[in-house]
Amino acid sequence: MYHKTGCEGFQCEDQTLGADLAGVRDEQTVVDRLVAWLRQRSLFVLAYGTGCGAIEIRPLMTSRYDAERFGIIGAATPRQADVLVISGYLAIKTLKRVIRSYEQMQEPKYVIALGSCTINGGMYWDSYNTVKQVDHYLPVDLFVNGCMPRPEALIEGFVALQKRIADGEKGGWLRYRENLDWYKANQRRVLGANMLPDDTSAWLQVGGQA
Amino acid sequence: MRLFLRVLSLMVVVTPAVTWFAWDGALVWPLFGGATLSFDVTPLASFFLLLLAMGAPLAALPMLRKEEPDWQLALFALLVLGMQGLLLAQDLVGFFIGWEIMTWSSWLLIVRSPRTDAGTAASYILFNLSAAFLLLAGLLGVYSLTGSFAIQALVDLTLAQGLVLVLLFGAAFLIKIGTLPLHLWIPRSYDQAPEPVTVVLSALVSKMGVYGLLLMLILFPEMPGRWFGDWLNGPLSGYGLAWIGVITSIVATFKAIAQDDMKRLLAYSSIGQLGYVTTAIGVGGALGISGALYHALVHTLVSLLLFISFAGIIAQTGQRRFNDLGELIYRMPISFFGVLIGIIALAGMPPLPGFASKFLIFVALIEAQWILLFAAVILSSAAAFLYCYKLIYAPFLGQANSPEARVAREAPWPYLIPQIILMGMLVGLGMFPGMGTALADPVLAALGLAPLDGPSLGTLATPYGGYDGVTLMLVFGIAFALVTALFYMLRGQLRRAGSRQDLSFAGEVPTPDQPLHYGAGMGRELRRIPLIGWILARSSSGFFSGLAERVERLAEHSSRLYPSQPWRWVQSFVVVFAVLLTWGLVRGGGL
Amino acid sequence: MDQILLQSPLLTPTPIWLIALPLLVAFLSPLWGRARWPLLFGVHLGLFALALWLLAGVQDGPLIETLVIAPPLGIHLHADAVSLLLVALLTFAVALVAAFLWQGARAPHWQSRQAFVLIMLLSAGCNGMLLTGDLFNLYVFIEIAGVSAYLLSALRRDAAALEAGLKYLIIGAVSAVFILFATVLTYITTGTLNLAAIGMAFADIPAAMQILIGLLLLVGLGIKAELFPFNVWVPEIYRGSDPEASALFSGVVVKAFLFVLFNLVFLILADPAVVGRWLMILGGVTMVIAELTALRQRDLRRMLAYSSLGQVGLITLALGFAETTVVAGGLFHLVNHTLAKLLLFMVAALMLSRASSGHLDALTGIARRLPLAAGLFVLGSLSMLGLPPLAGFMSKLWIMAGFAEAGVFWPIALILLGALLEAAYFFRWIALFYRPVPAPRLASDPVGLPTASSAVTWPLLVLAVLLIGFGLAPVLLEPALNLAAEVLLDRSGAIEAVMGVRP
Amino acid sequence: MLDALDTPGVHHALYAVGSMALFSIGLYGLLTRRHLLKIFMSLAIMEMAVYLLFIGLTTQPGRTAPILSDGLVEFAGTADPVPQALTLTALVIALAVLALGVSMSIRYHQLTGTTDVETMSALKDP
Amino acid sequence: MRALIDVPLMLLVTYTMGFFMYGFYRQFMARIQNRRGPPIWQNLYDNLKFFSKSETLSHGPMFFLGPMIMMAGAVTTVLFIPMLKDTAWLQGFSASGNLILVMFLMVVGPLGNALAVGASGNPFGVMGVTRGLTRLMGLEVPFFLGLALIMVQYETVSISAIMAAQPTLAEWTLVTNPLIFLVVLLPFIASLNASPFDVVGAPVEVYSGPRVEFGGRLLGILMTQNMMLSMAKYVLVVALFMGGASNLLELFVKVFVLFMLTASISAVFPRLRTEQAVDFFWRIPLGLGVVAVILTLWI
């Protein structure tokens, strides 16, 4: 992405946040709006429990924080999920699985990354086997900062995401499509011989329309 | 010569159809001692003759392939002749002759298969001959009572006479039907017989046992009522028979679920389905009998369809275990639809006719108020869903699990034509469920029961209510079409998965050589359910193999009676002579 | 009748030719050269025709042919409906064996003149046994048949054949001693050897002596008629002999002895029912034990031997019942067993000529080499088991229907049990024949011997056609069998025909 | 004194006892001997016993052989001719059988080098 | 002609009741767990969200047709159950069907699902199907035993006739023969795929289940048919045990009461493993059923 936009990590987020959404809103029909509203109102979460963030997801769903009241509920498999939550540092070994899970989700799909580890490596900044910047490999829609962020922060993140969805903002999955070559090159660089087969992403390359 | 043999055999194979359409007048053939064999078509025979007339030519089609040996068709023609003779016979000797021709010609068909082992060959012939000899004994019993072999109502029997005769005939027919625990010969022989032959065994030969069982209703009109008394609105003997049938079907169903070989599974399923028929006959009454006939009809069509489909698969892939197949749906689509229709009918799901026959049986049970039996039938019926699913999943769905399954091609036409015809028949019968009862009504009349007399062919009517097959089929069809159309009207696009390995697999990436097929293991965990585990851990094969071992040991002892030294021979003569002489002299009498 | 017969005894077809012709042809054997087998076949076909012709003439009463002095003092032939029926059967059987040997036997020992002479003698002896009306002549014919049988058994002249011949000879001699002893005692007590006269006088001799004679005859004839426990020798002999010879033993010799046994029982005893009952038990035991033992046999000839014993037991069971229907059925079964056993033994001969031995393993998969023979074996065994639509079924049904009519059920149970055991081993053999095996396991044709021509199968086909024919239409034989059964059971009629007075 | 013994009854009893003794000897031999020739000898002895019984019991002291020669012109005072004739026939047959047996034994001995029935085992199934 | 109005109306009623009841269920569970819970419309939102997904992955024709069969089966089932009594409206095609037919029609859906899952080639999905079929085997025995007792009691297999035979509270099957209701209740809950017998789907927690491969609009179809079929089952049980309903309001109230009962049971009992569930059905409800048979028929 860097080569196209000249930004990296949360710099890009700044850019995207600052983008003008007014034009988008005008292009939406009533049906589009309804659909967008429905999408934000019902988020099925595939919580990829990597790192310490996995422990933070659980209270989110239980009585104390009760994310269900926002229509957020867990999903068992990527096929049913709308949001992928990457909850912490990603080892290279885990990255492969995360990418696979992400590619198997059905569009529209969103990625929320938890904690500083996903932003810049965090306390694992010099580890030999973790991924430092997750958005080099997956189109993260939202980073939730902290080490680890509390469930309240997580809920805030979700609400922010819901708002962006309702506004009809261009989701990360479209970025993934547009910059597939770049994402794939990054992935290939890290994964090397363990690179995923392209059966889940090839259709994007041939210009597949979802 | 080959061509002549084939044409001749084919002509014989269509004779049941000719007989069914064009028979008029009786045929009489003299036997010794003034006895005669006579042949005619009775309503009951006519029903089963119809099954034969439909089944025989369809089953013969796969045998016409070049790959199949000549003798197969010729022996099959003989088998058809035997069954036809059995059905047409008006006397027990003719019945027995047909029965035995059927037995040994089918045995020869089985034994010439390269897969048949000695144990199977022996168990098939010994069980069937035991049945035949029990039948013969019963027939001679009837002869000693009436002085004639004619099939007629036996009245005024004493309890002992009746009991002995009923046991002899009943055991014979129950062996043929494959009732527990006398079913052991069925799975082995169905499994190991050549594929086109298994079709015949399951679809047609087993029905002859049903015919025999129904014949007993004619032979022993007093059996239900007089001998054992009543039990809950029905005869106790019928109650017993019904339980025998239902236990057979339950156990056979569980055994079927545990099989990992297609034909073996179908064999157990066949046993189970005929268990329903036995139950229905046990229930008796107009509903029970017509349910039995209807189910026999459906099972004939279904087992023809399924066995022919699987014969096609085996011919194309050379594999017969669930583990070694998979994903054939794209390579053998017509066979897939054949099996799909087959299992829907087999599982007794509406709108196909399997439901119609089961409905009749259920209503008969409710009418008789035999509720526990009803629950037991439901148990085996519901458990049958499991093996039905296994039947369609393991070969056609899932992932191809052997090189053959990956490159297989659609079965050749001799397999497909009968499948297409049978699918049409099943769907037609499902749409017009009244056709089955219309066919069964003459039999009911002949048995002295009130026919069901549906208002139209589209409805299956019973005194307890019925259903309309045409409406059902239309509603389902229209609903299906509308749902599919609406789905396409929604936004977004349907995308085909990039590869067969594109599975949600907990993030893992399965490789093509990973065993992703869940064929043979399916149903294995059922063993953990106490009842099923208990049933599956049991088998009557130990008893029979023990019996065989005892006989062998006895034979070993008796062969010691035949020494090879001359002086031993003379010794035994002298001893016997001396003993007899002493005994004779002590007795003091002359000759 | 006597007058007609005496006018031109040499030209008229009289029963004596049935015995004399084979003897004559046998003793003139040096004349025949290479035409021996056709001659053997032709002669027996002629005798068969003669027997049938005579059979047509004895519908109303037996034909008594005096040889030297008029009975009861002299020697006579007693040709009635049953003995002629059996003669017809046996000559036909020998004719078929002859045809088979003519076309099929290429081994040197069957090419020799000996074989020809021996079969002729065997045939003469058996016919004599069936026809004679004199106890001592019976002994003589038994010995003629016996000696030729011993030699036929040892014809192959290797160790196994000689062993079989020697054992057969020993046991035959023992049997002969017993029969001779009985003959002697009979003469001493009754003063006559004419069977009819003995029949008149037997009831008057002391009870102990009756039992002694009866037991001596039972042992002597029982050995030859293969009744348990006197049949212990049979498997050995059949195993050692060539199947062609065994066919003759089982199809011809045993049948003659069975007839002799029952003819004596029915003719001599005033009340054959008691002895008949014991013979039934004996037959039943014979059948069950033999069928049981056959289960374990691993050699084709041995298996066929036990099967033969079983069938003999069944026939004994039927004939011992002394009731017309059952006896007629028993005679029918006797006919069927002869036909089927001939077929089976000839098929065995064909198979042994192609396989390395008669052992189970050697014969596995033989059907691929000999499809027709295997098919005929199936046919023969089906008839043997009594499965429709073959003749064996009809005869068994006939017997059992007779028992059922009389309300006696234990023989039915025994017969069915026996048939089931029989099925167990016959079907095992058939299954083995049809088992696919790699070709190298089959032995190649014996080197140096020309293979049998395909014409060798026509006697087998004739037998097959007969088995099917009789199975489909037992009415063809019904009148003859019923008459034969009546004649066999009609003691007073037989005695009256000879002695002129009713007993 | 011995005349008293010279009655048919005593004679017949003697013959009967003698032939039974012979018969038993033969039977004993048959049951115990294993040599082929000894078996045939035993068989011959048994047959002899039967002949002896036959001849002995059908005649009486003082009777002559039933042969019409030396001036005898009628069958008076002769023994019953039938047993004599029959015995002769039986003897011939027995001789033939015996000869056959012996020749076969020799042949068997030539082939296998044994004459012991106990070791005959070619017909046994393994 | 009436069918043209009846059919959409019946489908609408079941669908509405479906999302409403399930929305209520989520609320109810949330309150029990001391949560605020989603709005009552949440199920509708979820369902429509799935229908508006832009990508739907298919594993081949059969994978696609399976949910269609399932939906068609659910629609047919709904249309063969009479909703009201004493009126000609909302009867659907129930005159052409009967109780046994309806019970078997309910299995058509799972069959379609099973075919689709099989076609996906995912072994986890097939494991789920096997579990489902196993549970079906367990629950159908006591369920049908109870239904058979009802059929014997009213001597008919027609649902309308059974409904018509219970005009007043005193004649409800629930009152005349409460034992049958006890027999049927737990299998009924299992047939709704509800806790404590919901290990088959295990909606959130277990990776393997029949729905493992479904996403997007296909999942929406599955959800819809599940809601409709469940409501059809409630309507059926109401008809059989609670005398049916004369108008939609009555129907709604009765279904709601029944729903409360089942929801309460689901809320308090822990989940059973498949084989435990089957064994349970064959011990407790079936044992009760046998007792019921003995009491009603033999005594």
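Glycine residues also receive a Cβ, built from the backbone N, Cα and C atoms like all the rest.
Note that the structure is predicted; figures quoted are calculated from it, not measured.
Quick look at what TrEMBL annotates:
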type     : residues  : note
DOMAIN   : C:133-419 : domain 'NADH:quinone oxidoreductase/Mrp antiporter transmembrane'
TRANSMEM : C:15-32   : transmembrane segment
TRANSMEM : C:81-102  : transmembrane segment
TRANSMEM : C:114-132 : transmembrane segment
TRANSMEM : C:138-156 : transmembrane segment
TRANSMEM : C:168-188 : transmembrane segment
TRANSMEM : C:208-234 : transmembrane segment
TRANSMEM : C:246-269 : transmembrane segment
TRANSMEM : C:275-292 : transmembrane segment
TRANSMEM : C:304-322 : transmembrane segment
TRANSMEM : C:334-352 : transmembrane segment
TRANSMEM : C:410-434 : transmembrane segment
TRANSMEM : C:455-477 : transmembrane segment
Which of C:138-156, C:208-234, C:275-292, C:455-477 has the most Cβ pairs closer than 8 Å to the transmembrane segment (C:168-188)?
C:208-234
So what's near the transmembrane segment (C:246-269) in sequence-distant terms, Cβ-Cβ under 8 Å and 6+ beyond its ends?
82-83, 86, 89-90, 93-94, 97, 119, 122-123, 126, 129-130, 138, 142, 145, 149, 152-153, 195-196, 198-199, 202, 217-218, 221-222, 224-226, 237-238, 275-276, 279, 301, 304-305, 308, 312, 315-316, 319-320, 322, 334, 337-339, 341-342, 345-346, 348-349, 488-489, 491, 494-495
For the transmembrane segment (C:208-234) and the transmembrane segment (C:410-434), check the count of CB pairs under 8 Å (sequence separation 6 or more) and say whether it reaches 3 or more.
no
Under 8 Å, at least 3 Cβ pairs, sequence separation 6 or more: does that hold for the transmembrane segment (C:455-477) versus the transmembrane segment (C:114-132)?
no
Check the transmembrane segment (C:334-352) against the transmembrane segment (C:81-102) for contact, please; criterion is three or more CB pairs under 8 Å, pairs 6 or more apart in sequence.
yes
At a threshold of under 8 Å on Cβ distances, which of C:81-102, C:114-132, C:275-292, C:410-434 pairs most often with the transmembrane segment (C:304-322)?
C:275-292
Near the transmembrane segment (C:81-102), which residues from the same chain, at least 6 beyond its ends, have a CB less than 8 A from one of its CBs?
15, 18, 37-38, 40-41, 44-45, 47-48, 51-52, 54-55, 58-59, 62, 110, 115, 119, 122-123, 126-127, 130-131, 244, 247-248, 251-252, 255-256, 259, 263, 331, 334-335, 338-339, 342, 346, 349, 456, 458-460, 462-463, 480-481, 483-488
